[in-house]
Amino acid sequence: MIQTLAFYLFAFLVLASGVFTILARNPVHSVLWLILAFFNAAGLMILVGAEFIAALLVIVYVGAVAVLFLFVVMMLDIDFAELRAGFVKNFPLGIAIALVLLAELILGIGAYRAGALELGVPDGSAAPLMDRSNLENLGTVLYGKYLFLFEAAGIILLVAMVGAIALTHRGRPEGARGHQDIGKQVRRRPGEATEMKKPEIGKGVEL
Amino acid sequence: MQLQSSLALIAPEIVLSLAGLALLLIAAWSRNAGRLVTILAAVALGGASVLVAPALCSGAMGPDTLAFEGQFAADAFASFAKILIFVSAIACLMVAPRFFDRDGAIRAEYPVLMLFAALGMAIMVSATDFMTLYIGLELNSLAAYVLASFMRSDDRSAEAGLKYFVLGALASGILLYGISLVYGFTGTTSFEGARAAMSGELSMGMLFGLIFVLAGLAFKIAAVPFHMWTPDVYEGAPTPVTTFFATAPKVAAVALTARVALDAFGMQMDAWRQIVIFAALASIVVGALGAIGQSNLKRLLAYSSINNVGFILIGLAAGTAAGVSAMLVYLAIYVAMSLGSFVAVLMLRNAQGEQVEGLADIAGLSSTRPLLALCLAVMMFSLAGIPPLFGFWGKFVVFWAAVEADLVALAAIGIAASVIGAFYYIKVVKVMYFDEPAGVVTGRSDWAHWLILGVTTAAMSPLGYLLTRVLGDLADRAAEALLFVA
């Protein structure tokens, strides 16, 4: 009972915030609605027992991706009136794409109903029972069987970082604006960087 | 226990990755450490080659060579390819400092990226699982994209990097799509499992997966019809990097293709054989015809490498142990020829010390730099496969394997097309020896360049035939290890 209630609550909120993501006039509001949608999707994931995906949704999508979106939206001066100007012109194309997606959905559901796909049953009763959580299972696979590939993937990320820096970083000569002297930064002590002041009330601080 | 034996098998890869990490730290802490890091990287690659050698000499094969539950194989076949890869990477490190000296000292990222690229290639040739394959391929490609655009101030270099990146990403996508189809229809990512699942009739989905995987790999080895990027990237990338691209990644991608075709898709030889035969013939013909109009030496050599990949694929098309062995012999000879000819191009400098790449600029090279002209002429004749030189041997074994595998028509067309190829190789020799001296190429060359050019020229001269026994033996062992499962 409580699960059904929670499901409908989360599902309704996902749909509603999805709709508002599109309808909101202010792009910042759109991103905020999107974050709400992510949160509720995470709730749905917890309901079906996929707590790892729920955690990923919150950590990765809300914590990183959505915040990145927010920054981009705030930094770029997007004129939404201009973006909407092409709406009528692109309307037939949009409808066509929507129809294709709808047809795919119907085909997928039809195949599922006909028993051609094995996805388990909607109530999750056919899902394999495990004595450990998803997180533990994923961990044993990642750091056990696939340890080698996992570490190699780490090296790929390192190479990507080295490459990005090698291609774009230009060292600034000493004395130039923006020159970074790491040794000087490290040597700096709190005493040199901060000053204690005791301003008298009503007089302000002299810097 | 199992982890320990796995770690022992990947010792060369561990050495390379630790060396890469340590060199990154050295580069971060000391300014202008480029030369030191280059030397240390070459030492690390040499150490890794020494670690790899025993597996090749003993002809290691079978379940003992599998690490990490069959995701990685350190057998004789992988070792053969790894030694070729490491040696060519060392050569590309040796020639680099002098090249970069013109625009300030060599930056330490160059050797570090080379090291990681070599690591990626080592993983590629040892891959016995589609995931290992992809990880190795991406590690290598990512380092290669950066290396291609390493000369930041040069527009052509930036263009080469961008082109390589966009097309490489597309090819990776195609490859991944193929892998996902194979996984979907066989239920496993391991080569062994895919082989077992494909032993019956080939379903439509598997066939699509096989074609997509081969198409993605064909891009990496620059086989026609996925060769379009090669001339532009080879021309634009800094010459030491081009030398690298023409040697090590080619070896890795060809070895990987051979393992995928003969191991994972080994039960469906008829399905991929026609694709490989088409790619081989098309590469030979397009490589030969495309090179004719080129006036830039690096572009010309790029078409030459496309042409050579065609010959290498003939060995694979044979699909027998003899074919694989011939393919490996050809690969070894091709690596030596490519190293020699690109290093010779690297040594062409004008009075201001700038690189010279035009075909017209080397007119009459025989009178200004007779020794260099002689070495380049040996390389060109060898690439053309003219008999007294060693390049002929590679072509001979490949065609012999094809004839033995009843692919007489393929061999005949290949031989006919190699005559077309001979035209432009000999044209280079003609320009050097019989044209009016242009007098552009002067200046002196580094000892490292002379060393590599001397060694490769000696190997390609008739003296090279002394190597046939050793090379043939090692290649036979490697081929046997690859076909062990069959």
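Placed from the backbone N, Cα and C atoms, the Cβ positions cover glycine too.
Packing against the transmembrane segment (A:6-24) from elsewhere in the chain are residues 30, 33-34, 36-37, 40-41, 43-44, 47: each is 6 or more residues past its ends and has a CB under 8 Å from a CB in it. Under the heading transmembrane segment, TrEMBL lists A:6-24 (among others).
Annotation comment: TrEMBL describes A:31-50 (among others) as transmembrane segment.
Sequence annotations record features per position, and here TrEMBL assigns transmembrane segment to A:56-78 (among others).
As annotated by TrEMBL, transmembrane segment applies to A:90-112 (among others).
The feature transmembrane segment is assigned by TrEMBL to A:146-167 (among others).
Annotation source TrEMBL lists region 'Disordered' at A:172-207.
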Tell me the residue counts in helix, strand and coil for the region 'Disordered' (A:172-207), as DSSP assigns them. 10 helix, 0 strand, 26 coil
Other than its close neighbours in sequence, what residues sit by the region 'Disordered' (A:172-207), given a CB gap under 8 Å and a spacing of at least six beyond its ends? none
